[in-house]
Ligand code: GLN
């Protein structure tokens with residue numbers, strides 16, 4: 001592939017792009033660029049400044065090895081160990097799903113509505129109440145500081161982004177996979193929110209029910225791909241991302257059924273629930289939530305492709 005003669009960085013990039021294209025990699029230029037940034041330890045602009053320099057010889061072996069992995073179909077995020085989500089660089093390993101851009105919209109909607117619901121309460125009650133007798137003081141403090149819980153946190157994308165955006169929110173995050181939790185914990189340190197996030201290993205809401213946690217805001221992007229759809233998935237997804245993060249049983253809805261059934265076991269029904277759903281699932285999930293609680297409003301938010309992607313339920 002790359003000849004031993006000294007290539008410039010620009011030449012290394014263009015040879016890599018054509019190498020990846022020959023191997024049927026989609027978006028060969030973007031992939032070559034991300035791998036090159038990684039190998040050089042440069043940002044995009046830093047790399048462009050060095051465009052005319054010679055490619056560092058000591059990195060040549062590493063560079064070839066990474067290109068081979070990409071050519072074989074591995075997601076670039078696992079190769080470089082990182083994916084950006086909501087402006088933060090998240091560590092990703094094959095133990096976690098690669099965070100997707102549409103999930104940023106769920107974070108955004110939960111932030112918008114959560115801030116509205118909890119700040120309205122602060123205005124209602126007035127801050128003077130916080131100086132009342134002990135019990136009242138605590139109750140008010142709790143009411144002003146919602147606890148948000150992310151089920152199936154994976155890399156921690158949703159939970160940690162919320163923690164970083166809202167210093168006053170308490171954040172819980174759980175996952176069935178200890179390997180995923182290790183990645184989420186390391187991301188919590190990366191984002192500097194380690195102290196404000198509580199992690200637990202366990203099956204959906206079970207760990208929080210056992211601890212009698214009061215959850216005000218419940219969010220989840222659970223595995224939702226119907227098992228029957230497996231053969232049609234892109235090989236990058238099907239062969240590399242963790243099965244337990246992808247499939248939601250026969251019709252894809254199994255985790256939503258189980259989570260909405262578990263709601264009754266919590267000390268109180270959350271006031272705000274936000275779920276990400278798969279193609280064609282929004283109305284079914286909306287129905288499950290409708291049955292599980294008394295809401296003031298339930299609505300569906302489309303993603304940028306116009307697909308019904310998030311189901312939101314809340315009480316004022
Ligand atoms: N909550 C994580 C995310 O949205 C992982 C989701 C999953 O593994 N299904 O990226």
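Backbone N, Cα and C define each Cβ position, glycine as well.
Since this is a predicted model, take the numbers as computed values, not measurements.
The S-adenosyl-L-methionine site recorded in TrEMBL includes 152, 153, 154, 155, 156, 221, and the single candidate from 175, 203, 229 that the record places there is 175. Excluding 152, 153, 154, 155, 156, 175, 221 themselves, the residues of that chain whose CB lies within 8 A of the CB mean position for the S-adenosyl-L-methionine site are, in sequence, 96, 97, 150, 157, 158, 159, 173, 180, 184, 245. Taking a C-beta cut-off of under 8 Å and a sequence gap of six or more, residue 156 (S-adenosyl-L-methionine binding site) has these contacts in its own chain: 90, 150, 173, 183, 184, 185, 187, 188, 197. Of all the binding-site residues in the list 152, 153, 154, 155, 175, the shortest Cα-Cα distance to residue 222 (substrate binding site) is found for 152. In this structure the alpha carbons, written CA, of residue 152 (S-adenosyl-L-methionine binding site) and residue 223 (substrate binding site) are 8 Å apart.
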